[in-house]
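Visitor: According to Swiss-Prot, the protein carries these features:
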- His58: active site, proton donor/acceptor (ACT_SITE)
- Trp18: substrate binding site (BINDING)
- His48, His52, Asp54, Glu172: Zn(2+) 1 binding site (BINDING)
- Asp54, His160, Glu172: Zn(2+) 2 binding site (BINDING)
Amino acid sequence: MAKMWDISQTLRPDLPVWPGDTAFACDEVWSIGPDCPVQVSRLTLSTHSGAHADAPSHYDQAGDDIASTPLELYVGPCRLVTASGNGPHVQPADLDWAAIDGATRVLVRTYAKFPADDWDPDFRALHADTIERLAATGCRLIGVDAASLDPQTSKTMDAHHAVQRHDMRILEGLVFDGVPDGHYELIALPLKIAGADAAPLRAVLRELP
């Protein structure tokens with residue numbers, strides 16, 4: 001059986017979330033007992049909790065919601081690369097373009113170790129020029145371990161709008177700890193939530209034959 005890596009965050013009460021966004025909670029509704037044969041819980045969370053896919057409607061009022069977004073790009077061969085440098089943005093020069101080699105799905109690692117327990121306001125965003133070059137090489141899906149393609153303080157959302165121009169897809173909040181750079185099969189299907197601007201997902205990388 002091919003080796004598999006789980007690149008999702010664990011949804012839990014102390015999950016770091018974007019400042020001001022909804023904290024995750026899992027509350028008991030029914031519990032197993034003399035009058036109830038099952039356990040049932042109620043979830044409270046943001047559409048951007050943990051590893052998630054942004055829908056086009058997140059950054060474009062006329063964009064599709066996550067339930068209407070085609071699924072093809074969320075499954076298939078991908079390339080995981082580590083960004084060099086330590087500036088606030090991942091610039092084109094920070095990526096190994098020979099390794100990317102025209103991949104349709106590109107995952108970009110910015111953390112040596114993912115900050116699972118603390119919110120990092122200084123995560124490395126992707127520069128819009130990097131998005132443009134990825135699009136020019138044939139990339140259709142970008143996945144990052146950062147909380148967003150754009151900086152926390154951005155009001156212009158330059159990277160997201162570069163994605164919009166090229167009809168690309170976005171995965172954010174992935175965890176690449178313990179996964180070597182290389183070629184993999186990506187499986188990262190977002191939940192089908194009508195009207196939602198994003199959705200959490202269980203993302204995995206599978207070793208290619």
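Backbone N, Cα and C atoms are what each Cβ position is placed from, and that goes for glycine too.
Note that the structure is predicted; figures quoted are calculated from it, not measured.
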Visitor: Is Glu172 (Zn(2+) 1 binding site) helix, strand or coil when read with DSSP?
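Guide: Looking at the DSSP assignment, Glu172 (Zn(2+) 1 binding site) belongs to a strand.
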Visitor: With Cβ-Cβ distance below 8 Å and at least 6 positions apart along the chain, what are the contacts of the residue listed as 'active site, proton donor/acceptor'? List them in sequence order.
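Guide: Residues satisfying the criterion: His160, Asp197, Ala198.
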Visitor: Just jot down the residues in the same chain as His48 (Zn(2+) 1 binding site), at least 6 apart in sequence, with C-beta under 8 A of its C-beta; none if empty.
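Guide: Non-local contacts for His48 (Zn(2+) 1 binding site): Val17, Trp18, Asp21, Asp54, Glu172, Gly173, Ala198.
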Visitor: Please list, in sequence order, every residue of the chain apart from Asp54, His160, Glu172 whose Cβ lies within 8 Å of the Cβ centroid of the Zn(2+) 2 site.
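Guide: Along the chain, the qualifying residues are His58, Tyr59, Ser148, Leu149, Asp150, Val163, Ile170, Ala198.
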Visitor: Taking the binding-site residues one at a time (Asp54, Glu172), which has its Cβ surrounded by the most other Cβ atoms within 10 Å?
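Guide: When each Cβ's neighbours within 10 Å are tallied, Asp54 leads.
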Visitor: Check the DSSP secondary structure of His52 (Zn(2+) 1 binding site), expressed as helix, strand or coil.
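Guide: It is in a strand.
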Visitor: Fewest neighbouring Cβ atoms within 10 Å: which of the binding-site residues His52, His160?
Guide: His160
Visitor: How many neighbouring Cβ atoms, not counting its own, are there within 10 Å of the Cβ of Trp18 (substrate binding site)?
Guide: 15
